[in-house]
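One structure below.
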Amino acid sequence: MRNAVFMVLGSCASLQIGAALAAHLFPATGSAGATLLRLSMAAAVLLVLARPAVRAWRRDQWREVLLLGATLAGMNGFFYAAIARIPLGVAVTIEFLGPLTLAAVLSRRGRDLIWVALAAAGIPALGWTGPHAAGLDPLGVAYVLVAAVFWALYILASARAGAAVPGQGGLAVAMTAGALLLIPGGLAGAGAALTSPHLLLLALGTGLLASVIPYTLEMSALRRLPRPVFGVLLSLEPAVAALAGWLLLSQSLSLQAVAGVAIVVLASIGSTVSSVRGSVAVS
């Protein structure tokens, strides 16, 4: 079980290191170009590994996979647009409102909205960086709120696509579809930079760290860990993102912002534990 715990923590770290690495692409490619590169590289690797038998897919399978691709494009595109304007740790923390709200809605228990309210209460602290600070970039906050909605949609679409197409094949094709959707904006933002060997190598690292490695580690961990433990460990992601932003992007957070991150982490853990207790009570 200890190895599985390290797998989940490694997944969180890999994902946030990949996001921090992607931020280094922004000056040359823009956030849209970086998103296109990341999804394209991740899709290429997964297509080689999974080799999906797409010729045998039915129309309903294609529909679910393409819907998953659309949510991937929206979630990653808006998230990268957000971290181009606001700190990584802040963006991930706000984005957690998406799955938290979805969990509360799906539970159909009014008391689970308490966790969403607790997380929302911690958000204002994220923009407080001093008595005379201007606060967070409003457009960056708007982008990450849209990303939060797409994250919730991604969770729903991922479950449906996973049921329709078992294994990694569905995700590989979904990432390919997502990358295709991002081509217009990505090409417009990055232009000739998309053909730079240095940037392509950096994008490959981003795709591996932010997509392929986390997915592989999480799937391995899920086979060894109870889902409640897995969910609690994933709840630490905002804290990991804040640490990655500090170490790799020199994005220091005030004590108030750290408190805001902690509140959202606690709300996520509370939501996970509450959902488990609710499931036990129902059964």
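From the backbone N, Cα and C atoms, a Cβ is placed for every residue, glycine too.
Whatever TrEMBL says is automated annotation, not expert-curated.
Note that the coordinates shown come from a computational prediction; the quantities given were computed from them, not determined experimentally.
According to TrEMBL, the domain 'EamA' annotation covers 139-270. Taken together, the residues in the domain 'EamA' (139-270) have a mean pLDDT of 88 on the 0 to 100 scale.
According to TrEMBL, the signal peptide annotation covers 1-22.
The transmembrane segment feature in TrEMBL is assigned to 32-53 (among others).
Long-range Cβ contacts of the transmembrane segment (65-83) within its own chain (Cβ-Cβ under 8 Å, at least 6 residues beyond either end) map to 19, 22-23, 26, 31-32, 34-35, 38-39, 57, 91, 95, 140-141, 143-144, 146-147, 150-151, 153-154, 157-158, 160-161, 164-165, 170-171, 173-182, 185. Annotation source TrEMBL lists transmembrane segment at 65-83 (among others).
What TrEMBL records for 89-106 (among others) is transmembrane segment.
Under the heading transmembrane segment, TrEMBL lists 113-134 (among others).
Per TrEMBL, the feature transmembrane segment maps to 140-159 (among others).
Feature annotation from TrEMBL assigns transmembrane segment to 171-193 (among others).
Among the features that TrEMBL reports, transmembrane segment is placed at 199-217 (among others).
Residues or ranges marked as transmembrane segment in TrEMBL: 229-249 (among others).
Same-chain residues lying 6 or more positions outside the transmembrane segment (255-276) and placing a CB less than 8 Å from one of its CB atoms are 89-90, 93, 96, 99-100, 103-104, 107, 109, 111-112, 114-116, 118-119, 121-129, 227-228, 231-232, 234-236, 238-239, 242. Annotation comment: TrEMBL describes 255-276 (among others) as transmembrane segment.
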Secondary structure composition of the domain 'EamA' (139-270) [DSSP: H/G/I, E/B, coil]: 116 helix, 0 strand, 16 coil
Contact call for the transmembrane segment (229-249) and the transmembrane segment (32-53): at least 3 Cβ pairs under 8 Å, seq gap 6+: no
Best-contacting stretch, by C-beta pairs under 8 Å, relative to the transmembrane segment (89-106) and drawn from 32-53, 140-159, 199-217: 140-159
